[in-house]
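Undergrad: Following this message is one structure expressed as structure tokens.
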Amino acid sequence: MSATIISGSLIASKFREELKQRVKILSETWMQPGLAVILAGDNPASCVYVRNKAKTCEELGIRSEIFNFPGDISQKALLQQIQDLNVNPEIHGILVQLPLPGHIRIDEVIAAIAIGKDVDGFHPCNVGALVTGHALFHPCTPFGVMKMLAEYDIPLQGQHAVIIGRSNIVGKPMALMLLEKGATVTVCTSRTRDLASHTRNADIVVMAAGKANLLTSDMIRTGATVIDVGINRLADGRLCGDVEFSGVKEKAGYITPVPGGVGPMTIVMLMNNTIEAAERAKAVALAGGWHSSVQ
């Protein structure tokens with residue numbers, strides 16, 4: 001058998017059309033949604049990600065502002081920029097591109113973002129609300145994964161999902177979202193002893209370990225759904241995920257490719273969250289309140 005390929009690119013294209021309509025309505029009846037992206041330093045990968053986000057904003061009709069700071073920016077200056085954006089009524093979403101320079105206290109920076117503009121879903125209040133199933137915004141990558149699973153009608157209720165990776169960005173929120181849908185969730189890391197004993201029992205495997213080709217075909221059960229969040233660059237310059245794609249696709253039931261899998265959905269979910277933030281701000285403004293942010 002050969003797995004059905006879950007194309008994030010195709011699903012993202014479908015969502016983009018829906019998002020364009022929502023942006024059009026907002027722009028015609030209120031104001032253009034606005035996203036601010038803060039970049040500190042010249043990390044090549046971060047620069048590429050920020051350009052891709054700006055390009056997607058332009059395609060959808062979202063106003064984007066990129067604040068590109070040198071790598072030696074002070075904590076105080078960075079926090080002041082965030083506070084300025086928090087009270088800017090034309091900015092509805094604020095994203096701080098990670099990683100930040102080593103001298104910056106990341107937790108303090110993320111916590112400074114107004115909750116109603118935290119379109120990455122990383123603010124401590126949003127993370128806490130995610131535990132109860134009432135997050136204002138869902139972190140973009142796991143949110144995109146959930147949309148992909150839903151698009152292909154992959155059942156979650158009662159299914160055993162194994163996540164490899166425990167990051168605050170993917171692994172932990174992914175576990176909470178799957179739990180919310182009734183899955184039985186096991187969280188592992190790349191250092192979990194006898195990792196294969198866990199993955200072989202999984203109906204769904206989500207790879208987010210950041211280790212190239214970690215999951216091989218002998219580590220999954222026949223027909224399993226395999227979601228590859230990892231993106232790694234090999235010595236020859238090629239991109240690959242955490243899954244040994246050519247072998248695993250011959251045994252899995254569903255699988256995401258790298259590139260063209262989860263990546264496009266992450267950006268689309270960021271756009272969705274930005275539009276949602278603008279829609280909420282509009283509702284508050286029309287009700288006679290201040291539409292800038294929720295502090």
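Backbone N, Cα and C define each Cβ position, glycine as well.
Remember, predicted model here, so these are calculated numbers, not experimental data.
According to Swiss-Prot, the feature NADP(+) binding site maps to GLY165, ARG166, SER167, SER190, ILE231.
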Undergrad: Under a criterion of Cβ-Cβ distance under 8 Å and sequence separation of at least 6, what residues of the same chain contact ARG166 (NADP(+) binding site)?
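TA: Counting only residues 6 or more apart in sequence, the Cβ neighbours of ARG166 (NADP(+) binding site) under 8 Å are LYS172, VAL187, THR189.
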Undergrad: Near SER167 (NADP(+) binding site), which residues of its own chain have a C-beta under 8 A away, given they sit six or more steps off in sequence?
TA: ALA208
Undergrad: Around SER190 (NADP(+) binding site), how many other C-beta atoms are within 10 angstroms of its C-beta?
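TA: Its Cβ shell of radius 10 Å holds 15 other Cβ atoms.
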Undergrad: Taking the binding-site residues one at a time (GLY165, ILE231), which has its Cβ surrounded by the most other Cβ atoms within 10 Å?
TA: GLY165
Undergrad: For the NADP(+) binding residues given in the record (GLY165, ARG166, SER167, SER190, ILE231), what is the largest pairwise C-alpha separation in angstrom?
TA: 16
